[in-house]
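Novice: Once you've had a glance at the structure underneath, I'll fire off some questions.
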């Protein structure tokens, strides 16, 4: 039989063993090709929020996918070599030289990789048009995408993965030279040492995990991303080290405890399961740690992406309550706005509010104006009448709710010595203790004290202007008194317009922007805010993150399942002779199956449970970051749905592993 025939026959004969790896590799290639296709798509070269930024984003993700694929391929390749040790030994006994065997193994690995690359590239190329359109939909961009085949994307994919599989094949080539014939023949007979552990290591794991979780709950989401990197890195390191020490020490300690419980341990299936896990845990500690971290990353990534996208519309309404909001326009400009809206005819103005705000200052012992100020510091503020505020709430269809929900609970009925307080900050931390406090308002020599009846962080005139100053809502009579004493420059006038179909207002808003002079406000944000522009800006930015998060999350899920599957299949082949002895001593197939179910259940379940613990604290930190954006999102509720889907998919790998593990034990 020729050399090429042996390679092809081996691939056909062992293709079932390669199947999960083959499918996961195809998916990796497909994802990489998709991101390359989007990177080279001309629709993204001149994208609205900065030329080249989207390209850089997708280029970076493509590189990350390739690196992850490299780790996965090399990791899986180790298992294949381990399962083929006896086969390699037989080739040696039949007279094949090591270089011939190495070339044979290299050829198998390379051909499988090339077939996966070919199929993945085809799948990525022909699905790129659909997924590009899907990305456009996520980003709320109406641009149509035509199907194109870009040779650059195909070439980059082919070259990248050819190099990857050549490296993988060379690595397999060198591994074969490392083993002697006697080691290959006795690969499954090597004894296993009793795993060592320490109580100190177990306690350290709990301390590291607890400290990491505690710091994650105290992360200051107000600071910049660069400043946040160091504490976030510390959390990641503490959780990673804690996870490893947990599997290295706490799991063996727990198993020793179970072994001492004779009622539990000496049941046949438990005896086998606990013993197997006990002797494998030392070798599996690193793998289980990696799996738990990957589970946490995957669930967090998909949950955060899903929650973010679901909450984007509420976010837009929170920061852009009016269809169009502008400031200090004259009567002529106001008339032009009405005329151009009527002329274009895409939308109609159904509500209009002229919002007169009086400039003043305030002081309250229970109020901290911002993170750099102290409690009781003087701060600038607006004064607003209660009737106008109620009209704004009605016209903008503002949701009613408590302070922590970023809504308003104002119902009116203020006495002359009462006020309702609206804070400028994005989170309620600075004003949460103000209710029933006394606030002193000063304006043009007038000083009045008010009892605070309620508190909100409602951005009633949008993100830019509400971030400048807090607002004190007073009764109409008090407001009129302040208005009489205010000079012309002591007031700011805003105009808020509500359209009947604001999602169709693009042309109208573009025309109005030519009438109203542009303004730049808080942190460079435009102060003339339109719902449609804010909607498109947010969806174009965050929609791409959602798209990436979902795909990378699915890729990680497949990799996690594949790594566990191959690790367990290798162990099944090593354990088969021992189970054959147990079967001869009277152990039934059903008892073997129950033992396998319990054993693999622990291997799959332990990292999943720990990963879910990591996920909870990661999502709590994420939720606080979303609070800063004013996004009220039930993140943990959304995560519960993601976890359910994840567990079902993860469970498929578990069922597949149990079935093949038991099949190997029966056949040997």
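Each Cβ is built from the backbone N, Cα and C atoms, and glycine gets one as well.
Note that TrEMBL annotation is computational and uncurated.
Here the structure is a predicted model, which means the values were calculated and not measured.
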Novice: Scan 576-599, 600-623 against TrEMBL and say which stretch is down as transmembrane segment.
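Specialist: Of 576-599, 600-623, TrEMBL gives transmembrane segment for 600-623.
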Novice: Which one of 130-153, 154-177 shows up in TrEMBL as transmembrane segment?
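Specialist: Result: 154-177 is the stretch TrEMBL calls transmembrane segment.
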Novice: Do the transmembrane segment (228-247) and the transmembrane segment (542-566) come close, with at least three CB pairs under 8 A (pairs 6 or more apart in sequence)?
Specialist: no
Novice: Can you find at least 3 Cβ pairs under 8 Å between the transmembrane segment (101-122) and the transmembrane segment (600-623), where each pair is 6 or more residues apart in sequence?
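Specialist: Per Cβ check, the transmembrane segment (101-122) does not touch the transmembrane segment (600-623).
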Novice: I'm a bit unsure how to read this: which one of 154-177, 288-309, 542-566, 635-659 has the highest number of Cβ pairs shorter than 8 Å with the transmembrane segment (600-623)?
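Specialist: Looking at each of 154-177, 288-309, 542-566, 635-659 in turn, the most contacts to the transmembrane segment (600-623) are made by 288-309.
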Novice: How about long-range neighbours of the transmembrane segment (18-40): same chain, 6 or more residues beyond its ends, C-beta under 8 Å?
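Specialist: Answer is 11, 55, 58-59, 61-62, 65-66, 68-69, 72-73, 76, 80, 112-113, 115-117, 119-121, 123-125, 127-128, 131-132, 135, 150, 152-154, 156-157, 160-161, 551-552, 554-555, 558-559, 561-562, 565-566, 653, 656.
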Novice: If I count Cβ-Cβ pairs under 8 A between the transmembrane segment (60-80) and each of 197-216, 288-309, 542-566, which range comes out on top?
Specialist: 542-566
